[in-house]
Each structure stands twice: as structure tokens, then as C-alpha cells.
Amino acid sequence: MGTAGKGAWVVPAPAYREVEGWEGAGDDSPGFRCGHSLTVVAPTKGHGPRLILFGGATAIEAGASSGMPGIRLAGVTNSVHSYDVDTRRWTRLHPAGEPPSPRAAHAAAAVGTMVVFQGGIGPAGHSTDDLYVLDLTNDKFKWHRVVVQGAGPGPRYGHCMDLVAQRYLVTVSGNDGKRVLSDAWALDTAQKPYRWQKLNPDGDRPSARMYATASARTDGMLLLCGGRDASGMPLSDAYGLLMHTSGQWEWTLAPGVSPSPRYQHAAVFVGARLHVTGGVLRGGRAIEGEGAIAVLDTAAGVWLDRNGIVTSRTLKSSHDHDASSDLLRRCRHAAASVGTQIYIYGGLRGDILLDDFLVADNAPIQSEFTSSMYDRVPRAENQNRNHNFNSDSPTTNNSTDKKSIDMLTQASAAEAEAVSAVWRAAQEASHASSEDSLSEGIGSESPLSETSPMPEDLDDGGSLEPDVKLHSRAVVVSKEAVGDLGCLVRQLSLDQFENESRRMHPSSNDQSYPAKKALNRQRSPQGLHKKVISFLLKPRNWRAPAERAFFLDSYEVGELCYAAEQIFMQEPTVLQLKAPIKVFGDLHGQFGDLMRLFDEYGYPSTAGDITYIDYLFLGDYVDRGQHSLETITLLLALKIEYPENVHLIRGNHEAADINALFGFRLECIERMGESDGIWAWTRFNQLFNYLPLAAMIEKKIICMHGGIGRSINTIEQIEKLERPITMDVGSIILMDLLWSDPTENDSVEGLRPNARGPGLVTFGPDRVTEFCKRNRLQLIIRAHECVMDGFERFAHGQLITLFSATNYCGTANNAGAILVVGRGLVIVPKLIHPLPPPVNSPESSPERAMDATWMQELNIQRPPTPTRGRPQSASDRNSLAYI
């Protein structure tokens, strides 16, 4: 963990306000409540993200011994209420199955579209330590009790629990009725039979406490904050719990000075910022003033209140309160975050039970400060291709327990795999029925929105002469002989590209890397981007470094990301660009290919061609290849140097829950060290949330990473997506934009299920024609899929797929290509072929051996699939084979 240097970019804690316009009358509204839980569940097919409120007390009474109000156990409930973030409506749920007993002061954690509950206290005393699962999948609500073998944490209340590293349910501290506890337990949701494991972490262990909070950061660190010790003293410390690659857990004391000690507070992560609200001091006195709202910025290593960085624990007097601080003068409330918004419900203020509903928005546009540290890293609440449920199964204990175990495993795997973030729908038990159920939800007709009518004055377009034309010949750099860097350049007729329809997809199984994370910081001198360009932009002379250590430290990565982020924040979601321009497809960390393309066809420098042609990159800068760090840092540096000429949009791998699995996080750790590497990886992913999502060239060509899918009918739909944006708040439009693909060929029309996973689609040529006609476009350029010749035409030439990395995953043997769009909108493909393997080349053998090892290890984890048209093995059908 580090501390922030001077001038660190931090944003004060946000202001809270009451949620406006929410609905929920009568029994649907949770009403007065304290000691409850509030948990965010991933979107389902029929709903967007939802908040699940469970349990808690509906009445209070004066404490006999303390004179302070406490919960009335007779008023404790087990009711379940759901708040739909999109519709702003509260609904009381009545799930099938045997519910847990009424309880308060329990612990809850989300696993995909399920919520796990454990412990608590109610009218019957301490609740058991059984795990109860509320399954919301497929919008069929049902309770399940999960069977766990062996000893566990035991009955307790006032403890905390969260899902760590998208895999481990970790519960910490609490009170078992006899003593205050300091232990930590973990349950691996990917291993059956389920067993609790008592952890023995290294490092600075936190003292025994209850009424603390524990929140998991997206990259897998659990942050324990505050609490009350055995003597009743409130605590002000915070500890990070993380698991190293060896499997050993470690506690680390968080830096900084917290605004106040506290317990019975609420805390939730938004990106790298832990938002802490409310709580009480010794004797139950509510925290007042600025201390009622706090943020621990784990990236900058500082605590903040409403005024900025906290340097000493001096609470303001009551006349300094702002309205937001007064609202948060409460305890026993609950909080959850959706995107950049933090929601709070209920609680206790003195002897007054609350039923209000609050929200704060951490979006940078609403802040008068600029910060690089606070936008949200996407939650790994994404979807599992193997995630199959049968909600109509018999309710006998044996079958329920078995199915609930399977469901919990599959849900946690869904988090770890993180592929279909918005559209994980529950499938039937078999792979075949999974495909069938998806097919039933996707018809062959294109679901064009009735609210987006075609322009009345637009005719069929058959009589119009198109302005955009694909040149009849492509420029090709032939395969290079060893030692021959001259490169034979030739032109081929497009008719000679026999492999043009051979699209290919990388694959994987459902394994995931162990969690590795830390707290850290950043900052660096001015002009850093020039250093990066000078060091990396060597099109003819670049060689992979013999030493794997990266030449920038996390301090400099933070500076680079901040400078680029300020530019991206000022750009529209859909860029408006002019020709001439070069368009690049997926690079996937293959920095050598980027240098070859620059060398052969010009590079962005005043010594190159930047003075008369722009550059557009279509995303997927990281993962798979061995030099993702070089690729993304150079592109960011070029963006800073030439902000009006170099353009970057987002790909599906520019998301933490994807690039945690496919090499980028591992590369950061291996080349920068674990602490600096995880911090840098997190910082890059924060920046990715600001990237533009599409680009228009001369208002006639639209460029995107994935496609139009089933939901995108107008460019305005893309323009309305507000950044920073994460997969879980972007919904179907963002998912289609980054993930959808064309169908197999022009003969397959409409929509079809996409082999990449549940909820993802392929779109036919009819969709392309309708979209272009509706938006007065002549061409779609997209990336996302490996194609044998580096580019591929679809929909009678109205769509081109572009891929710039050669020999993808070290096995594809595909060419890489760029498209050069001239002033007359004539498009010329320019290709490079894969380099042949070296023949006893001592100079290149060590680095190529490293390349081979890197590819082999990653391909074992995520094996590439056969080329387009070859049969797919049954074992791969529900894997990550297609990311």
C-alpha cells in the first residue's frame, strides 16, 4: 500500500440526496427498517440491475442497560424487497421454497443473479450459520439452502461477508453471543463439496470487532473498515485482505487518516473508492459533521471527506454541517452501488427508525474536481456459459440442496468468467437445452424498434451511387524470410482472397486466475508521454526487451492515464472524424505487429505521416499477446501528443472482468511486481471506462468494435451512452456494440444465438442493410473477430471486419490488416503476413522462447478454437472459447 503524493488527483466524498420519483406503495415498500442488508444483483433477461433488501428490524426499543435504542427482536422480519434501478420501483417478492428465519445484523453477498445470506439474530436468538441462497435467475424467485460440509464460522451476528475475487465467500469478525470475534473464513464456490476454511493470513491482522463492514474491490481485495471492539470502543482502522498467487492470504493495514472511528456504518466500493457513510461512536452517539460521509481512495491511499483529503481527525462543529452530512447522521442502514451511484436505505437516527432512500452520484461530470481515481471498475457480475438452472425442480430437501450447490458454483463461475455481463439468463440443465432456450428468445426477424422509424424521405437507396468504395486491390507485405527486412510488397486482387470468410475465435475453458491485488498510488513529471514515444515508437528497430521488467513504474502509469483520461473525457461517445484516416483492428498486445504495420505503411509522427492522415484504433489493445503494456502505453502517449489525429475507441477486452482472465493482469503483475502491477492494471481499467465507443468517418462510415446486435438501430442510441460506463450499467446496447458479430455468411439473415455465450447474438446482412439505410450510412467497419486475411467483407460489402494482429494466439496463422480510407472515401486494405518461425537465430531465440511460453500457458488456460467452418468440440461449447 502506498500513500498519495502531493497533487494526487482525488475527489472529495459525494453529496447524498433523496431518490426522486421512486414507487412502491403499501406492502411493496420496505418501510421503516434497520439492521437489514442491501445487495446489488446482476441484470437478468427481464430486468436491469436490482437492489435486494432483506430482513432487518421494523421496530425499536430502548436498551435496558445502555439507555440507547436497540432493535426489537420481535419486530425482526425475513421479508424480501426488490428495487428495479431502471424503473425506480420497489416490489415485495414472495420467493418459493423455505425461507431463512427472520433476522437482522446478518451478512449478505451477491453471486451473479443470486444473493447469499448467512448468520444474524432474530426472535429465536442467533440464526444458524447455514447459507441461504435467494435465486433471482430467469425472474423465478426461489429460496435454497446450501449444504456445506465440515466445521464453519458458526452462528454469529454483526459480522460481514462478501464475494472475493469472484470466487471466495469470505466472512470476517462478528459476535457469537459469547465474545467478539477476529477470525476470517472462506468458502471456495468453485470447489465441491463446499467447505468453509478458516484462514490464517499473514501480515497485520485486525483486532476482534463487530459491526464492521467488509467490501470486495473488483480486482479481489476485501477491505475491512471500522467496527466496535470487545470494550465497546469504535475503531477507525481499515485493513485489506488479499490472496497471493501462492494461495496464501494476507492482511495489510490501509494508509491514511480516517475522518472518524465508527461502527454500525455502511460501506461500498465504486471503482477503487470505498464509500463509507454514517455510523456511531461509543455510547451510540451518531457521527456528525463531515465525518458522516467519507471515502477511502485505495488507489491514492488517502481518506477523504466532503472537503477533500483528511489530514487529521477533527470533526466539524454542527454549524458546519451541510445537508448531505445531516442526511447521513444514522446507523444500522445499508448501502449498495450500481455503476457510479451509491444507494442507501433506512437505518436509525437516535430513537427514530428511518424509511428514506438516498443516492449519491460519483460521476466525474457532476464533480467540480478532476480525478483519475474514482470511476468504477466494472464489477465482475458477468455471465457464465455453463450457468444452467432449473427453477421448477422438486422442492425436496435433497434435490433442493444439490441443485442449490450446483447453482452457486455456476453463479460464481459466471462472475469469474465475466463474459455476458448484462445477459446471463438461466438455462436448462443440459447444454442442448441451453442453446434451445436461447434460440426461443431470439427470432429470425430483426427486432427493429418501433420507436425508431425510418426517415420518411429516405428511399431504397438502389438508385444512389455510393461514395464509399473498397479498392479492387489490396496492398500486401509478403512473409518475410529470416533476416530479410526488406519485405516484398505486392498488390492482390480482392478476388484472390480465398480465406475471406474464414473467421476465427479464441477460446478458453472456465478456469480463472487467482486473485492478486494491493493498494497503491501514483504521480510523475510532465512530458512523460514524450518519454514513452521516444522509447517505444521504433517501427524498424524495436525488439522485445530481453528483461521483462516494464520501463514505467505505477507512478508514471498513473500520470499517463490521467493525462489521456482528461482528453477522452472531453470527447463525444461517437467521434466525428474526417478522411484520410487509417483504421486498425484488434492488436491484442502484439506490439511487434503494430511496429510492422507502422514500418510498412507509415507511423504517427512528424517524421512519418501524421501531418496528413489520422489514425483510428478499434479496441482490444490488451490481452493474449505478450506486450499489452507497450501497446496501450504507446497508444495513450500518441493520443496525448496528437489528440486531434490519433483516436481510440473501446473494445470488449477493455474491461477488468475480461482482461483479468486473458493475460493483461498477469502481464502487469509479472512485469511490474504484484503491488504496482495490480494498481497499474486497475488504473488502466478505470481509464478504459472513458474511451469513446464508436466513430463516424465523413458521416458515411461508422466504426465500432463489435456490431449492431439486436438492439442498435440508430447512431443516437450509441451517442446517448454516458461515460464513464461499465458493462453492468451499459445494458444491451453496450453489450451488442462490443460483443456482437455478423452471422456466418450473407445467406444467414436475422438474428441468431452467438457461440460466444448466452444472451449474445449474431446479426445478418438484412440487419446491416436496414441499419445503414436508417442512418444514411454506406459502410460499417468493425473488429472483434479474427479473420484469415486480416479483413473480410459481409452484407454485400456494407460491412468489413478488420483484424490487425497476425498469427493470433500463436496458432491461427492469419494475416493482419489495416484499412486506409482516402479523401475520396476509397478504402485500400493493407496487409502483413505472420512472421515465419526463426531458424537458429541466437538474437531472437530468447525472446521468441518467451513468446512461445507465454502463448502456450495462456492457450492452455484459454485454448484457441479451430478456424471458421471447422466443427467445434462439445467441451468448448460452453467455455470462454470465443472471447
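Placement of Cβ uses the backbone N, Cα and C atoms for every residue, glycine included.
Looking only at the repeat 'Kelch 1' (64-113), the predicted model's pLDDT averages out at 86. Summarising the annotation, Swiss-Prot assigns repeat 'Kelch 1' to 64-113.
Annotated repeat 'Kelch 2' per Swiss-Prot: 221-271, in sequence order. Summarised by DSSP class, the composition of the repeat 'Kelch 2' (221-271) is 0 helix, 25 strand, 26 coil.
Feature annotation from Swiss-Prot assigns repeat 'Kelch 3' to 273-323. Within the repeat 'Kelch 3' (273-323), the DSSP-based counts of helix, strand and coil residues read 11 helix, 18 strand, 22 coil.
The repeat 'Kelch 4' feature in Swiss-Prot is assigned to 341-387.
Residues or ranges marked as region 'Disordered' in Swiss-Prot: 381-402 (among others).
Annotation comment: Swiss-Prot describes 385-399 (among others) as compositional bias 'Polar residues'.
What Swiss-Prot records for 430-466 (among others) is region 'Disordered'.
Here Swiss-Prot flags 499-525 (among others) as region 'Disordered'.
What Swiss-Prot lists as active site, proton donor is HIS653. Of all the Cβ atoms in the protein chains shown, 26 others lie within 10 Å of the Cβ of HIS653 (active site, proton donor). In three-state terms derived from DSSP, HIS653 (active site, proton donor) belongs to neither a helical nor a strand segment and is classed as coil.
Under the heading region 'Disordered', Swiss-Prot lists 861-883 (among others).
Sequence annotations record features per position, and here Swiss-Prot assigns compositional bias 'Polar residues' to 872-883 (among others).
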The DSSP breakdown of the repeat 'Kelch 1' (64-113) into helix, strand and coil residues is 3 helix, 21 strand, 26 coil
